[in-house]
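Participant: Dropping a structure here in structure tokens format, bear with me for questions.
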Amino acid sequence: MLRSVAATVLSVGTVLAAVKTSEFRELVRKNDATIPGAFIVELSSPPTKRTADAHADFLGELDKRASGKFSTRRKYSSPLFNGIAVQLQNPEASDLASLESIPNVIAVRPIQIFHAPETINRRILSGPDDPNAVPFGQSTHYMTGVDHVHEQGIAGKGIKIGIIDTGIDYLHPNLGGAFGPGNKVAGGYDFVGDAFDGNSPPVPDNDPRDTCIGHGTHVAGIIGANPGNAYNISGVAYEATLLAYRVFSCFGLTTDEILTDAMLRAYSDGADIITMSLGGTDGWASSTLSVLASRIADRGRVMTISAGNDGDAGAVFTSSPATGESVISVASVQNIITTRPALTSSVEHAPVLYENADGFAMPGQVLPIGESPIPVRSLTSDPDADDTACDPINEDFSQVAIVLRQSSSCGLFTQLLNLVATNPKLVIVYDGSPFLLGGFFPAVYLLNKEDGEFLVSEAAKANTTVTFSQNNLSDVPNNDDGGLVSFFSSYGPSNELLFKPAVAAPGGNITSTWPVDLGSFAVDSGTSMSCPYVAGAAALLLQVKGKSAAKNVRSILQTTSRPVPASREKGAPPQTLAQSGAGLVNVFNAINVHTEVSPAELRLNDTAHWNGLHKITIKNTGKTAQTYTLSHVPANTLIGLDDAKINYRYRPDIKQVNAPAGVRLSQSRITIPAGRTATVLATITAPKNVDVKTLPIVSGWISVTGSLGDSVKVSYMGVAGALRDTQGISTGNRMLVEANGGLPAIIPLDQEFLYAQRGPRNYTRDDLPVFVYLMAQGSRHVTLDLIDAATNISSTIPDPLDSAPSHDKRDFDWSWWWPGDKSAAPPAVPTVGTVAEWRDVTRGSPVQRGRPFVVLDFPTQFANGTAVPDGQYKLLLRALRLTGNPKKASDWDVYVSQQVGLVEE
């Protein structure tokens, strides 16, 4: 048995691409994702008077095995979760398997470290006239029908919402200005204190005020900000009661054992809705937090959790605990309104909207050129001239603004190059594409061609000037990506192919509250913003339908949502449901519709285990009969794997195609009397015109439209390929410098840059290599062993140093959640010892910090402290393929490393 080797996870894109070895060592040191030797153990005994005995029985058995060298971090005794968190003093590679073998243990999971969510393009606002503000603060409510719900007098009254986050600055006047019973923020708890860094002990107290990070205060404002403020914003459920659970310190760190405490506390405090704008690097529905969140939802409390901001990483990348089976995982949609600065002319004319061309300017930023009038000059009197500034210019424009039509004959670059010599005070470009300029001179481009033509005609007149005011801002439609799924919003489904995300809500470019001492208001973006929006929407539903409807909230929001288009082009197909979920929530429809349809989502699985026949039940809850028309509305099909069919596509190569599933309905038209139900059969088949080895994700809806205007739908999602036919260990990443190899790899650390070892090599114990690999797919079970170099075992996957990927087909009887014994080990192989072992491993991504490759030191010591003898060794990496049977050798990917010799100095 080998001493446990700490696994470090790092971002491939930022680490292995031409990174120096010295930098690599430092990054390895800084990026531990779990606490070594720390585990949360779930026990099977129910929480009765035997609970304490169950804890004692476990600790007694652990004491025998660990010889007393452990400590108890936490105990959990709840109807939702019975277990214990422990810290082993001398971690060993076999700890996971050893803990799993203790009687009454049903799950063992390493304790993860969570970082406070990183949102997108955060801007602290200086006041209502700040150019980054979104003055039409109600635009998100217009998108979702919440504005009409508020007009009906519905604002979440009587509903408690627990916010598990960085705390809430309850002193903010728009969040009530006080804390405690009777106030908007009526309760809560601080689980960490300011100084918790992941290693120091938490210092909990009863004051969950957010003073140093702000994230939780922004979340709270989206749910509950009082209307009537300078920014014209109001919370979705501004009459709801908020409970603040602070789980992130000023260092922005927490652990899943603390989050478990917070979730149990929120449940016991009576929160009707619990919202968590956070996530971890898991991706399975079986993580500690995912399981607990799902159980809370199953007990009749609404759980909303952000799907994640990893849209760059492509398919199957939803964060946990959003992967919990019964939770509402939330995607983000961009705000339909944005702000643009405007210049004014000395001649009467409507404000002229522009965009700052400075490459360092934020979107919507006013040109910082002062507020004095600037004379306008044009090089032509013809606003349609195509050759302006195409030739060198011998004039001084240092005191004037040049109005310039972007040329199609010589090009903008030539025009700007010729203008550099004139030292212009400002260049105003119109009738062209947006561009960025690297500081040669101030420049803007106009949003409307007609404004440019106006300035050219006025420039010929004496004394025409333009002025750039810091306060001259206009609300304009967001014609770039307004109403589309945010680029950062993570793609699903989960590793188990659960329907993730569930729904989408506004999350891009959202104005909300911020800690008073840090600025009071801010604009932020992320699924951290869309998640609380859905929590607020749920509060509106519960106020109308009663708290007993909590288990149905997810279904109601899904079946009444609106499809999100893939682009702003006319007639664009719907975005894949793997990123948009069932669609953008339509809260007015959810509250006022008189038709129910179930189930809300159809899980098709993959083609090896295709579940294509479904019964759809339609209920007319109104007082009048309705005739319903049923139809198939396909969404784009998301291509999962890259051309090598090894790794998931990531930005900019994420690809969607028109390759819909086939749908046959037993009836396309049906009349249902008031208060009655009817059933329709739907048969869904996988598309034929796709490459199944790329694991295409198909999705869409069965639309049900009533004759009285009701519109509901049933969503579906599945994979048009077989997961078990797909290689789990990545060999398709050429992430090292130039031709220095791919992963997996033994990587020496004795050169300036990183490279993969080729062929046998000897090392002294003072200069050992590391082993690096990346998972192309999730895996239920991954093991790494040290074997004698002479052991007769070969890799079953291509060698990344020399061969191209290949694939083989595998057969076994399907059982989705876990075929066979979960604790079953891989087939027996003679080993020197186990280096590491993991359960429920997520896939990696070359572009995301949070889902990275794994780095391990080459092992040199057994668990008892004795050294591994000098000799010749290899590392044996084995990963169970998705849906694979752990007792079947052919369902394991096997990689055997290059030979490493341990020798004396």
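Glycine is treated like the rest: Cβ placed from N, Cα and C.
The following feature annotations were taken from TrEMBL:
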ACT_SITE  Asp165  active site, charge relay system
ACT_SITE  His215  active site, charge relay system
ACT_SITE  Ser528  active site, charge relay system
DOMAIN    156-573  domain 'Peptidase S8/S53'
DOMAIN    604-717  domain 'C5a peptidase/Subtilisin-like protease SBT2-like Fn3-like'
SIGNAL    1-17  signal peptide
Participant: If we count other C-beta atoms within 10 Å, could you say which of the active-site residues Asp165, His215, Ser528 has the fewest?
Facilitator: His215
Participant: Work out the three-state DSSP category of Asp165 (active site, charge relay system).
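Facilitator: Its secondary structure by DSSP: strand.
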Participant: Note the mean pLDDT of the domain 'Peptidase S8/S53' (156-573), expressed as a whole number.
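Facilitator: A mean pLDDT of 91 is what the predicted model shows over the domain 'Peptidase S8/S53' (156-573).
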Participant: In whole Å, note down how far the CA of His215 (active site, charge relay system) lies from the CA of Ser528 (active site, charge relay system).
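Facilitator: Between the Cα atoms of Ser528 (active site, charge relay system) and His215 (active site, charge relay system), the distance comes to 8 Å.
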Participant: Can you grab the distance from Asp165 (active site, charge relay system) over to His215 (active site, charge relay system)? Cα atoms, rounded to a whole Å.
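Facilitator: Here the two Cα atoms lie 7 Å apart.
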Participant: Sort His215 (active site, charge relay system) into helix, strand or coil using the DSSP assignment.
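Facilitator: In the DSSP reduction, His215 (active site, charge relay system) maps to helix.
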Participant: What counts of helix, strand and coil residues does DSSP assign across the domain 'C5a peptidase/Subtilisin-like protease SBT2-like Fn3-like' (604-717)?
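Facilitator: Its residues fall into 6 helix, 62 strand, 46 coil.
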